[in-house]
Amino acid sequence: MGYSINQTSSTDETNGVINLTNGLHWYPFSPGQCPPLYYVILQGACAPLIIIISTVLNSLIAVVLLQKHLRSPTNILLLAIALYDTLTGLFPFPTYIFLYTFRHCDDYIPFNYGWFHRINHDVLPFIFHTCSIWVTVVLAIQRYIYVCHSEKAKQWCTVPMALKAIACVNVLALIVAIPMFIEGTFHAKAVSSLLDSKKIFNTCTVRDYSEDSRYRTYFSIYSLIRALLINVGPCTILVICNAILVERMKEAKENREKLMRRRSHESRGQEQTNVTFMLIIVVTIFLIVEIPMAIYIILMAIFRLFNKNAPNFFNFAVQLLNFAVLLSYPINFFIYCRMSRAFRDAFTKLLCASFLNTRQERLQSMAAPLLGKQCGVTTNNIELKISNVETLPASSVILNSTANEIPMSSLISENNNDLKINSNGSVEKLRVSFIDDVN
């Protein structure tokens, strides 16, 4: 939307509030008329809380998936979805607080807030939500290639291809959002404050071209095309891909014993099945909240095309649908933790790193006198550095920082010889008497 300073538009003033004419409207709502109670509950109380929770959980997803050993085409797309979902909630967050939490609706809205509200509440959330939708489609198509055309996965399912797909999605979202900037023009009008008549400032009004009879048809067609590109089309593709993946998973479950004889192959196949099932759940939740939104957008475009007013309950319905979309953002984190062992292990290691380091230092301090008194190892020319000892499972021990694994059975010798070091630093024999072995 563009804007202009308009001091001469004809107005009628009744009950202290100016009644606009000449096609102008108050933006974002009429002064002195606070939003309904359900606005305050959904967008003033619940939405900010969910946005904060979603931001924290999606940040954890980003930190985990950015680890080097978890970088893969699938995880790159999951990371992009988490980022877009976070931005979709963060940009309208200030408007929720200003309008619905603190209810700054008892006076005219300042002119400068009009652009801020339009960009942060309408345009940017639309762009990032569009990106999230189409990256989800790319993720489903990628998984379809993995499952149904595995011979082409090395060509199409790569990290560079995933990054190119994300770049194309960003361009598409920006192109689709261009008409949102020309739907109308902002106009500043000098008014006296409803709370203090001596205070005069510019308030925000808008001329909405989408409601003008000359342009209504064009904007109705644009709304239909936007619904097809952003809602109906992606949902249709996701339903088809989801159905195919579910069918292939059933076939894989029936033929697993026949196709995978070795245990290693079976384990790898089971892991891939879990990843596919996890993505099916993510896509299904996405469809549950997006299909009703697609239906609403199509109905609104049809009402506008035929110049008919939508039913009153549509206002409540759209707020409920927006809240459902927002509510779906933090769910992915729990799905990843439940369905992906790699994500769960990486998150646990990241979360408990400080606890594990403290515990390891305590165990090392306890092990120092134990090695000196009960192991009976002569270290004339060797300086044992406890800081280089790393805790391992019972199956192996890592000596020093070189991470050379020596089986436990090779460390227990029947001879009573002391530790011997060759010229190249390798261990020949070692006598270790554990505390449980001493009678």
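Here, residue 1 is simply the first one shown, and the rest follow in order.
Each Cβ is built from the backbone N, Cα and C atoms, and glycine gets one as well.
Any TrEMBL annotation is an automated prediction that lacks curation.
Listed features, source TrEMBL:
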| type | residues | note |
| --- | --- | --- |
| DOMAIN | 57-336 | domain 'G-protein coupled receptors family 1 profile' |
| TRANSMEM | 37-65 | transmembrane segment |
| TRANSMEM | 77-103 | transmembrane segment |
| TRANSMEM | 123-141 | transmembrane segment |
| TRANSMEM | 162-182 | transmembrane segment |
| TRANSMEM | 219-246 | transmembrane segment |
| TRANSMEM | 277-304 | transmembrane segment |
| TRANSMEM | 316-337 | transmembrane segment |
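Listed as Cβ neighbours of the transmembrane segment (123-141) (distance under 8 Å, sequence separation of 6 or more from its ends, same chain) are residues 74, 77-78, 80-81, 84-85, 87-89, 91-92, 162, 165-166, 169-170, 172-174, 176-177, 180-181, 230-231, 234, 237-238, 241-242, 245, 279, 282-283, 286, 290, 325. Through the fold, the transmembrane segment (219-246) approaches residues 130, 133-134, 136-137, 140-141, 143-144, 147-148, 172, 176, 179, 183, 209-210, 276, 279-280, 283-284, 286-287, 290-291, 293-294, 297-298, 300-302, 304-305 of its own chain, all at least 6 residues removed from its boundaries and within a Cβ separation under 8 Å. Same-chain neighbours of the transmembrane segment (277-304): 74, 133, 136, 139-140, 143, 210, 216, 219-220, 223-224, 226-227, 231-232, 234-235, 238-239, 241-242, 245-246, 249, 310, 314, 317-318, 321, 324-325, 327-328, 331-332, 335-336, 339-340, counting only residues six or more beyond its ends whose CB sits under 8 Å from a CB of the stretch.
Along the domain 'G-protein coupled receptors family 1 profile' (57-336), the predicted structure has mean pLDDT 86.
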